[in-house]
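K.L.:
Among the features that Swiss-Prot reports, ADP binding site is placed at 11, 15, 264, 321, 426, 430, with the record citing sequence analysis. As annotated by Swiss-Prot, ATP binding site applies to 11, 12, 13, 264, 321, 325, 426. If you look up Swiss-Prot, you'll see 11, 81, 82, 133, 242 marked as sn-glycerol 3-phosphate binding site, on the strength of sequence analysis. As annotated by Swiss-Prot, glycerol binding site applies to 81, 82, 133, 242, 243, with the evidence given as sequence analysis.
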């Protein structure tokens, strides 16, 4: 049997999973990762703790699997995106805590860029909106606020990377300073048409090019792990940002296929194929995981400009499963997150109650930072069960709004709306939520047999570059649905419910 090791470095934990060649989980290990909150709106990680926890889980997963490192064909890395690390090339020590993707400290600099009229040019090159979410503005802040950082960067003494780059650096004992196109595309510094760092964007944010890692396709040779770390050197063969990795792990390889990850928030991606398309409906365009060129197509897989182009439309919901956490921890309405399904199931519907969980504003496709959470439609007959059901349904409403926006963009480009939605993430195990999602969308919702699709995507990318697999067609044959939720609701009723939702959104933003 041949094995693959996936490192899944997330915001709240570091995990490692050993997969067999059929994409089945053999063993896994996980450690929580603490977040640091220096002041309101600021979120940081200790980069050394990211590294220590990830290495520890990799060793633990191999031990649980009962295999030696030389039985592993390749390592794949999936990581939280946008989180920014800056370190000293000589010592390998970070010069500051990592600035996490949720961190908003760079918003004033982003507002200045918008006021200066750069939004159109940046979106045309990167597919992104100007926002503190993305790495470029975080890196600019570090260079401007860490004493001596800008001068050291200009002397070539520092290295920048998203979490994947940091892990590759540590895994190879500083021999490789690399990233992949899907992570690079989240920096607001990569021209996604050329897969190269854009000199104009670097100059605009005053970022020395010497800081930047080399960009490779997502399935490529990222070097070998140092032999002393895992007991044997293993090729790092696949790297992707977590959401693009999940899209790959869901076997969404062709235009029009889509997945939604139901976690603390929700992340929906629709594959665009090789066609770059900006959204007219509040969505982002980003690079999907990209493969090395086919034989004869170029000079080698280390040339990102020659990668097989693949793009995705993306929308993010700020509050998904977090609304259940709020019911548990904030209202103490339930004792465990798992208890919400039984409570919601105790009533046939939400009884006209509508919840808009805009605790931190509304993300795509609305982009209403001023929105605040609301519960409407309450009557004397409303119960805690109705509120619980409305909270659960709010996740589906927000996701439906995303998919409808994607459908409008797809049709405008001459394509067709999404015909099925593949789902993953912790909340996808909730049958009531998945059925209501299918009812709202009017298309099947498919839950895979392996819901750890983020790690699986990284493993598949590593397997392709190491010739364990030979094509995405082969991977598509491995994908299996554990359950298929067919829509049961009359379409007129579904449209009526969505109209009620949009009315509730307008109320939540009427400030």
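The backbone N, Cα and C atoms fix where each Cβ goes, and this holds for glycine too.
For the listed features, I'd like the structural context: burial, neighbours, distances.
P.N.:
Annotation note: residue 321 (ADP binding site) sits in a coil segment as assigned by DSSP. The C-beta environment of residue 321 (ADP binding site), restricted to residues of the same chain at least 6 apart in sequence and closer than 8 Å, consists of 262, 263, 264, 265, 337, 395, 425, 426, 427.
Its Cβ placed at the centre, residue 325 (ATP binding site) has 13 other Cβ atoms within 10 Å.
Sequence-distant neighbours of residue 242 (sn-glycerol 3-phosphate binding site) (same chain, 6+ residues apart, CB-CB distance under 8 A): 8, 10, 78, 79, 80, 81, 454.
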K.L.:
Given the binding-site residues 11, 15, 82, 133, state which is nearest to residue 325 (ATP binding site) when distance is taken between Cα atoms.
P.N.:
11
K.L.:
Using the Cβ centroid of 11, 12, 13, 264, 321, 325, 426 as the reference point for the ATP site, which residues of the same chain not in that list have Cβ within 8 Å?
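P.N.:
Residues close to the ATP site, other than 11, 12, 13, 264, 321, 325, 426: 10, 263, 322.
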K.L.:
What are the other residues, in sequence order, whose C-beta lies within 8 angstroms of the center of the C-beta atoms of 81, 82, 133, 242, 243 at the glycerol site?
P.N.:
80, 83, 101, 186, 241
K.L.:
Out of the binding-site residues 82, 133, 243, give me the one sitting nearest to residue 15 (ADP binding site) by CA distance.
P.N.:
243
K.L.:
Out of the binding-site residues 11, 13, 430, give me the one sitting nearest to residue 243 (glycerol binding site) by CA distance.
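P.N.:
Checking each of 11, 13, 430 against residue 243 (glycerol binding site), the shortest Cα distance is to 11.
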K.L.:
Let me make sure I understand the structure: which of the binding-site residues listed (15, 81) has the fewest other Cβ atoms within 10 A of its Cβ?
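P.N.:
Fewest other Cβ atoms within 10 Å, among the binding-site residues 15, 81, is found for 15.
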K.L.:
Looking at glycerol and its recorded binding residues 81, 82, 133, 242, 243, figure out the farthest C-alpha pair and report it in angstrom, whole number.
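P.N.:
Overall maximum Cα spacing for these binding residues reaches 15 Å.
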K.L.:
Given the binding-site residues 11, 12, 13, 243, 264, and counting only Cβ atoms in the protein chains shown, which has the most within 10 Å of its Cβ?
P.N.:
243
